[in-house]
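K.L.:
Under the heading domain 'ResB-like', TrEMBL lists 58-126. The transmembrane segment annotation in TrEMBL covers 7-24, 30-49, 61-83, 260-277.
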Amino acid sequence: MKWSIRIMTIIVLFLITGSILVSSKAYEKIFWSPLCLILLGVFTVIMMVCSFKQGLSLKKVGFQICHMGIVVILIGAGIGYFAGVKATAVFPMDTPYNQLQLEDGRVVDMGFHVSVIDFQVTRYNPDYYLYKPLEGNAKSDDLKDYENLGAFASSFDGSYDLKKYGRIDAQELRDSTARDGWCSKYPLENGLILVKAAPKDKHYLAKLQIIDSNNREIIEKLEVNHPVDYSGWRFYLGSYDSENNSYVVLTAKRDPGTALVIYGMWAVLFGTVILCFRKRNYLQGGESDV
């Protein structure tokens, strides 16, 4: 038990050190170092020994399930570390790929073709900057002759409250000829000008077309925080071409240890619930779990 506490203390120090360091290279040196891996391996063995040191017992079933759940989590994480692959790639629209190049230069065959066949972006109403002309002749195409009075956001009713300069409905700022449907500049009375700021993304969605080895087509919707799983691979939606929507950046990950990690987490949760219902007199009886 004492050795497990010492090992856990060292591991926690590694985690704290790696979390504080900002540099990605320093981060990798901490968490991917042989010493850290050895410590995790030794800790896994200690957890297994502690679980069965006094033999199987119904009184200790919660304790043993918790500890073995942690062991399963560590084993799953180890499998993912040594056998998992991850790649981030640019996917031009309607271009199928069946291979991915990893960061170390290796090429991995996915066993199927995947392509992005559609991409949609919805944005919030853009903010508008209000500019007031300075003294003299101000030119609308040269904002250096204007004073920036600040940015104004769209209200819940869709209008823009310009304070003492009045209120303008969002529909007046619409421009069907503009790419995003909004006026880039809108003149007001008294020489005031509204200038559009870059609109913020509200939601974006990609449609993936997957062609398996039997030439069967599968269409999946891919959203932020809603990855697509297929044949052991998980696809995440990253960034995209904000100018022309000509490509989408996807992250593909294959981690064979994920299932074990999930099972281990459920085991820890289940074992903890059992421990919560242990009799109080047993907890105060002086008998050690290890």
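Easy rule for this one: first residue shown is 1, then count along the chain.
A Cβ is built for glycine as well, from the same backbone N, Cα and C atoms used for every other residue.
Unlike curated records, TrEMBL annotations are generated automatically.
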K.L.:
Which value does the mean pLDDT take for the domain 'ResB-like' (58-126) in this predicted structure?
P.N.:
89
K.L.:
The transmembrane segment (30-49): which same-chain residues, six or more beyond its ends, come within Cβ distance under 8 Å?
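P.N.:
3-4, 7-8, 10-11, 14, 17-18, 21, 67-68, 70-71, 74-75, 78, 81.
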K.L.:
Helix, strand, coil: count each for the residues of the domain 'ResB-like' (58-126), based on DSSP.
P.N.:
26 helix, 31 strand, 12 coil
